[in-house]
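Single-structure report; data block below.
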Amino acid sequence: MSKLNINKNEWLELVFEGKNKEYGAYKLRQEDGKTTMKAFFSALALMAGLAALPMILSSFDKPKVVEPIDPDCVLRTVDVKFQPNIKQPKSQTAVANTAPKAPVQFATPVVVKREDATPTEIPTNADLPTTPSTNTSTTGTGTETGGNTGGTVTDPGPEVDPTAILPSVGLERNPNFPGGIAEFLRIVGNKFEAPSIDEEKTVKVIVYFVVERDGSLTNITVPRSPGYGLDKEAIRVLKSIKTKWEPGIYKGKPVRTSYSLPIVVKMQ
């Protein structure tokens, strides 16, 4: 096998014989060896510079000066006694265990179809039985004493605005329907006309109203309508009931009281 070196000038002259040697390819082939050597040494110089860069940068840092220890300085150990942490006893307060009062729950009226409901005659205030009141007086014998008895007088507080609407909580007596709230719910369920739809569905309607001082119902509203016209029907039913309630009592006087009534409607 013969050894041929195509980079020799003889081969270069042979290849470019009769051609334009001023063209760039001839010049590049002629200086190929020099270009390769320059690239090789340039790469070596770059690698050497990168390797020496940390040492060059560290030479600019100031040397750390370690101060010598004074020979006259004497180090001594001191025993320090720490006081143990004393936990303060927590003060125990006696708390009376009082059983929570059971919340009063009212039955929710269920609305059915008109043909399934039993007719109910709604009593008026004139038809309700009245209980005659008998006033008895007792005459006591003894000696009348005047002056300060030393007792504590309880301030009844400011008078309640007769136009103010009070919540049921805190009243001396809550408003009530003659015959009980169950009777009122039964009347509402019998008078309510539920709409007919293609599918069976149960909807809850919450009605808010005010029991006035004379027992009548005002401000009947349904803030959140469930649709199907149930809000208007609920308002109509409550307005149609003419029997008056017993008003709420606060400080011995009838007051306007806010009330809410949930109605469950089963539509078919």
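Every residue, even glycine, has its Cβ placed from backbone N, Cα and C.
The transmembrane segment annotation in TrEMBL covers 39-57.
The annotation region 'Disordered' is assigned in TrEMBL to 116-164.
Annotated compositional bias 'Low complexity' per TrEMBL: 129-142, in sequence order.
Annotation source TrEMBL lists domain 'TonB C-terminal' at 204-263.
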If we skip the immediate neighbours and take only residues 6+ beyond the ends of the transmembrane segment (39-57), which ones have a Cβ under 8 Å from one of its Cβ atoms?
none
With helix taken as DSSP H, G or I, strand as E or B and everything else coil, how many residues of the domain 'TonB C-terminal' (204-263) land in each class?
11 helix, 28 strand, 21 coil
